[in-house]
Structures are given as C-alpha cells and as structure tokens.
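Quick look at what TrEMBL lists:
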COMPBIAS  66-86  compositional bias 'Polar residues'
DOMAIN    600-684  domain 'Smr'
REGION    62-89  region 'Disordered'
REPEAT    172-206  repeat 'PPR'
REPEAT    207-241  repeat 'PPR'
REPEAT    242-276  repeat 'PPR'
REPEAT    277-311  repeat 'PPR'
REPEAT    312-346  repeat 'PPR'
REPEAT    347-381  repeat 'PPR'
REPEAT    382-416  repeat 'PPR'
REPEAT    418-452  repeat 'PPR'
REPEAT    453-487  repeat 'PPR'
Amino acid sequence: MAYHHLCSSPSSLLRDRHFLSVSPKPKSLRTLPFSSVSLKPVPFSFQSNSSIQATHVSLQEPMPQEAQNPQYPNAKTPSSSKNNVWVNPRSPRASRLRQLTYDSRYTSLLKAAESLDACNPNENDVLAVLSSLGDDVSEQDAVVVLNNMSNPNIALLVLDHFRKISTNTTREVILYNVTIKVFRKSKDLDGAEKLFDEMLQRGVKPDNVTFSTLISCSRVCGLPSKSVEWFEKMPTYGCDPDDVTYSAMIDAYGRAGNVHMAFALYDRARTEKWRIDAVTFSTLIKIHGLSGNYDGCLNVYEEMKALGAKPNMVIYNTLLDVMGRAKRPWQVKSIYKEMISNGFSPNWATYAALLRAYGRARYGEDALNVYNEMKDKGLELTVVLYNTLLAMCADVGFADEAAEIFKDMKNSGTCKPDSWTFSSMITIYSCSGKVSEAEGILNDMLEAGFETNIFVLTSLIQCYGKAQRTDDVVRMFNRVYELGITPDDRFCGCLLSVMTHTPREELAKLIDCVEKANPKLGGVVKLLVGEQNSEENFKNEALELFNYIGSDVKKPYCNCLIDLCVNLDLLERACELLELGLSLEIYPGIQSRSPTQWSLNLKSLSLGAALTALHVWINDLAKVPESGEELPPLLGINTGHGKHKYSEKGLATVIESHLKELDAPFHEAPDKAGWFLTTKAAAESWLESRRTPDLAAA
C-alpha cells in the first residue's frame with residue numbers, strides 16, 4: 001500500500017517525519033479505462049468537495065488495484081485501447097468515474113472521522129459509523145480515519161476495532177502512532193503514555209515516530225522535562241533520533257533547565273547543519289536572557305539569519321522582551337524597526353514588550369507613544385502594563401500623563417486598579433507635594449478594599465514633608481506602628497529627606513521619629529544638629545551607621561545628611577561626611593584627572609552634597625601650587641543637563657548660580673550640555689585673587 005501518499009500538512013513533516021502522517025492525493029483520471037475515441041481535452045472544474053484534476057482518461061493502462069474503490073470490488077476493466085475520450089463532467093458517466101477514484105473513498109473516510117468524533121463513546125455507536133465503510137477496510141483506510149480524528153476517547157475504540165480486523169500485524173505500530181497523534185492534538189499526555197504502555201503489553205515495538213510523537217506531545221503540553229524523559233528512553237528500544245528530533249530537543253532541554261545539554265546540541269546542530277525551527281531559536285534566546293548573557297541573545301539571532309532561517313513574530317517579540325529586561329532601549333528600537341521593515345505588524349505581545357522595555361528604561365515619551373498607539377488600535381492593557389506605565393510616570397515626573405492613564409484604566413471596563421496602581425498614583429502626587437490629590441487616591445484605595453502598606457505610608461510622609469506639614473508627618477509615622485509595620489531603610493531615608501525641608505524649630509519632632517525607627521541613624525542626627533557636641537563621636541557613629549545599612553541606601557542617606565548640614569550651615573560636618581563617603585566609595589569617581597583636563601563630576605549628588613563637593617574641590621585646586629603640581633590646560637565641572645523631575649530647578653542651574661556668586665571663571669560649554677569649563681590661566685588668576693585677605697573673607 002502506498003502509505004507515502006498520505007500527507008497531513010506541510011508543518012507536520014517537521015514534527016512527525018512519518019510516511020503515514022500525510023493526506024492522500026487523488027488519482028488522476030488518466031489511470032481510468034474508457035473505450036472511445038480520443039478528443040482534445042477542455043478545461044473544466046467540478047463543483048464538488050473532491051475535485052478531479054484531469055479531464056481525459058487513458059485506455060492504455062488498466063486501473064491499478066490500489067486505486068479501486070472497495071465499495072465496487074467487481075468493477076470491470078474494459079479492454080485496452082489507444083484512444084482517449086473527453087467526458088462531460090456533468091454526465092452520469094463522469095459521476096461513476098469519480099466514484100471509482102480513491103478521492104471519493106478519501107472523502108468518505110473524512111466524513112467517517114468527523115462522525116466518529118461526534119458520536120457517543122461506546123462500542124455500538126462507533127461500530128455503527130464504521131460499518132458505513134464496508135467490510136473491505138484497508139490499513140490505509142484505517143490510518144486516514146485515525147489521522148483525521150480529534151477525540152482521543154473514541155479513537156481508542158476505533159483503534160481497537162481496526163486492530164481486530166487488521167490482517168497485517170507487522171505494521172500495527174502505525175495504527176498506534178496515528179492514535180497517539182490524536183492524543184497530542186488534545187494535549188493529553190497522560191492518555192498518550194497509557195497507550196504507549198498498552199503497545200508494550202501487546203508486544204508492539206515502538207519506532208522513531210512513536211517517540212517523536214510523544215516528545216512533541218510533551219512539548220505542546222508545556223512539559224519539557226517529559227520531552228527529555230522520552231528522548232532519553234529511545235536508545236532502550238533501539239531507536240536512533242534523527243536531526244529533527246535532536247533540534248526539537250534543544251528547545252526541550254532549554255525549557256527543562258538543562259542549559260549545558262541544550263547548547264551542546266546547538267553546537268552540534270551548527271556543525272551538522274540541522275534544520276532548527278523558530279521556536280527552538282526563541283528558546284535559545286530566552287536561555288541567554290535568563291542567564292544575563294544579552295550579547296549571547298543577539299549572537300543567536302545573527303546566527304539564525306546566517307543559517308537562512310527567517311525570524312518570525314515569536315523571535316522578534318522574544319528579542320524585544322529580553323532587550324527590555326537588559327535595559328537596552330536603543331536595541332529595542334533597532335529590532336522593532338527591523339521587524340516593521342520586514343513586513344511584520346506589531347501584535348499585542350509586541351506592544352507589551354515595548355511598554356515594559358521603555359518603562360524600565362524610563363523612556364517616557366516612547367512609552368507614551370506605544371500606549372497611544374495601542375489605544376488607537378483598540379488593544380486592551382493588563383493591570384501589569386498599566387502599573388508599568390504608572391511606575392514609569394512616577395519615576396520621570398509625568399504627573400498629568402499619569403492622571404490620564406489612571407482615568408483610562410478605570411474606564412476600561414477590563415482592568416481594576418490594584419494596590420500597586422494606587423501606590424504609584426500616591427507616589428506621583430506626593431513627589432509633587434499635592435496633598436489633597438494624594439489623600440484623595442488614598443481614600444479611593446481604602447474604598448476599593450486595599451489597606452495601606454509601607455510604600456503608601458512612605459509616600460504620604462514625603463508628601464506632607466514637602467508641604468512642611470510636620471504634624472501630619474508625625475501622625476503618619478505613628479500610623480505605621482499602629483498597623484504593626486516595621487519601618488525599613490527606605491522609610492527611614494524618607495524621614496531623613498523630609499528633615500531637609502523642615503524648619504529648624506520643628507526638627508526635634510522628627511528626630512524623635514527617626515531615633516525610634518532607627519536608633520543608629522537617630523544618634524547620628526542628634527550629633528549632627530548639635531544636641532551632643534563631640535566631633536570624634538560623630539565620625540565614629542557615622543562610620544558605624546554606613547557599615548550597618550544596606551548598600552542601596554548609603555548614597556541617599558549620605559546625600560540627605562549632607563543636605564541637612566548645608567541647611568543648618570554646618571559646612572565642616574558636611575565636609576566630614578563627604579570625606580567619609582569618598583573613603584567608603586559611596587561617591588566613586590567624583591574627581592577625575594587626565595594630562596589635559598581635571599574634572600568634578602556632580603551628576604549623582606544632591607544639591608547640598610554637590611555644593612559641598614564643589615567647595616572641597618576649589619580648596620584642593622588652591623593647594624596645587626603648594627604641592628608642586630601644575631593645573632592642566634582645562635578644568636571642568638559636570639552637573640548633567642537635566643532638571644529635577646519634580647522641580648523646575650536642576651543641578652546645573654544651582655551650580656551656575658553659585659559659581660557666579662563666587663565670581664568663578666567657569667562658563668557653560670556651548671557644545672557640551674551640563675559642563676562648565678575654564679582654562680588654566682583663568683583658574684590660576686581667580687585662585688590667586690581668593691588668597692588676598694579681603695577677597696578670601698568675602
């Protein structure tokens with residue numbers, strides 16, 4: 001029997017590679033006998049489910065036995081003739097010819113498969129449908145029926161029936177294989193594994209297709225470890241995987257967490273030039289991404305293109321997501337541009353990856369453009385995506401935009417704000433000092449059934465501090481303890497930040513709060529504001545504090561303490577803290593020197609810390625002649641060019657104003673935003689003038 005003529009679909013070849021996993025092709029009418037004279041054929045088409053693609057029949061060959069319809073076993077073959085005849089497709093004779101082809105038989109088998117899927121799962125109903133196929137059911141017929149079924153429970157009954165009537169027991173494995181495919185369609189791995197056990201009990205030896213089908217079934221069920229398990233069983237049954245199975249196992253090992261095996265197979269695939277599908281390349285990119293090897297992701301992508309494999313939407317979306325997690329928004333833009341130029345239209349997953357990427361990177365304008373495009377296309381956002389946008393707005397100071405997004409979210413009908421949503425909105429209004437708006441969101445949060453947490457309370461304390469409502473800060477601080485919440489480092493840092501905005505006469509209220517939340521920090525603050533006057537104690541206490549707190553809050557704490565010193569006109573204490581920050585590498589790279597330029601880098605400092613660092617640097621420059629050194633040709637101060645996200649003032653504006661007060665010869669560089677430069681001659685002249693008693697006093 002011509003099993004190789006049975007084809008299911010082009011895509012199934014990569015999965016199954018079995019000569020039974022194909023759908024039959026109709027026989028040409030050239031093989032059918034008919035005695036008559038030959039006429040010139042005329043094109044026509046049949047309006048039927050099974051089309052006949054030839055328009056004439058040959059009398060030179062008898063009809064092959066395999067093309068005969070079992071329903072017409074006694075069909076006679078007329079004598080051979082050299083003449084061909086054109087047959088009117090609408091004539092009864094043409095209808096009889098169609099019935100004699102396997103095309104008609106195949107159509108009846110498809111209808112039987114459809115009827116079987118819909119019938120009751122009992123033997124009588126199944127036999128009633130199968131009886132319509134007649135008594136002479138070939139193995140090829142059985143394969144076609146099972147291959148086109150989708151109900152695994154009924155497929156078992158059909159398999160049992162075909163096994164009983166089959167005369168060719170040596171090929172029984174083929175019937176089992178196509179039945180396992182039915183379980184794969186239903187993503188029923190348990191059923192497929194039970195059928196495999198039945199095969200073994202009946203003495204049927206599995207072949208490569210059995211295992212490849214079970215491996216792919218595990219794959220579609222999202223169980224890569226099962227794929228690995230079946231793959232590693234193959235040698236036990238004398239089966240050797242082919243290159244397509246090996247390629248699929250790259251994906252399976254990668255998903256199962258066996259990265260070493262996945263890349264070992266991938267190296268072999270490149271050497272032996274296996275055909276690797278897009279899903280496998282996507283998995284390799286994800287493996288590199290999870291390990292933080294983002295350059296490896298791009299290398300796999302380039303290798304994929306070099307091998308002639310074309311990226312699809314899965315690949316593009318995977319790359320966009322990985323590069324977003326890598327915080328490489330410039331590469332996200334490049335990949336997206338390539339995707340569009342290759343004719344792909346972004347789908348929901350694409351937009352989601354772009355939003356996450358731009359949100360993480362704080363690319364505010366780009367994120368909002370993606371959001372507006374999604375709205376224009378009627379695409380719905382999830383709560384997570386809304387929260388990503390709102391968190392980004394909080395970080396970059398987009399208060400008005402956040403209010404609009406929050407409104408859209410509430411009106412969407414599909415997403416309800418959660419605690420993170422409310423927290424982001426409270427943070428946005430708190431950083432802007434908008435007390436009534438922040439309190440309004442808090443009330444909405446409580447009405448929605450969410451309780452306040454440490455993040456919300458921290459933001460509210462910051463809000464009241466900006467508005468200089470010290471009593472409300474204390475009230476909110478006490479609320480933390482009423483709720484049984486333990487203050488963390490961020491919360492204490494917020495209290496410290498609030499103190500930099502608090503009038504001196506009200507500092508005592510906040511010092512008590514700080515000391516209660518963090519006794520070590522409270523002790524340093526008390527020494528700083530002069531409640532306890534001991535220089536040595538201050539340095540030791542400050543050092544102990546910085547060795548005690550987490551590395552992520554060392555710079556914020558040091559910035560706030562220096563800001564507090566500057567506000568209280570405690571310049572010496574501010575310098576001591578800066579020196580401590582430098583020795584502990586809290587402020588790495590503030591000063592840099594090259595043969596041609598000395599620079600002061602202030603971008604990561606608060607206003608008070610920046611002014612203190614400038615003061616120390618100028619004093620160091622004044623001592624250069626005493627040390628025997630010479631100033632370089634150029635001196636520069638780098639403040640960065642942006643303003644504070646919640647303030648109209650930026651560091652550059654404050655430093656420029658202070659330099660003017662000092663009459664320093666630094667001028668903003670026209671071609672380098674945020675840089676203030678001066679020459680060696682101008683600096684030496686200015687420093688010399690500061691040494692005169694009158695000017696120095698000034």
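Note that Cβ sites are derived from N, Cα and C of the backbone, with glycine treated the same way.
Note on the repeat 'PPR' (347-381): mean pLDDT across this stretch is 94.
With a cut-off of 8 Å between Cβ atoms, the residues of this chain six or more beyond the repeat 'PPR' (242-276) that come close are 14, 17, 208, 211-212, 215-216, 218-219, 224-225, 227-228, 231, 283-284, 286-287, 291, 303-304, 307, 309. Taking H, G and I as helix, E and B as strand and the rest as coil, DSSP gives the repeat 'PPR' (207-241) the counts 27 helix, 0 strand, 8 coil.
Long-range contacts of the repeat 'PPR' (418-452) within the same chain: residues 383, 386-387, 390-391, 393-394, 397-399, 402-403, 406, 409, 459-460, 462-464, 466-467, 469, 479, 483, 645-646, each at least 6 residues beyond the stretch ends and with a Cβ under 8 Å from a Cβ of the stretch.
Under DSSP, residues within the repeat 'PPR' (277-311) fall into helix, strand and coil as 26 helix, 0 strand, 9 coil.
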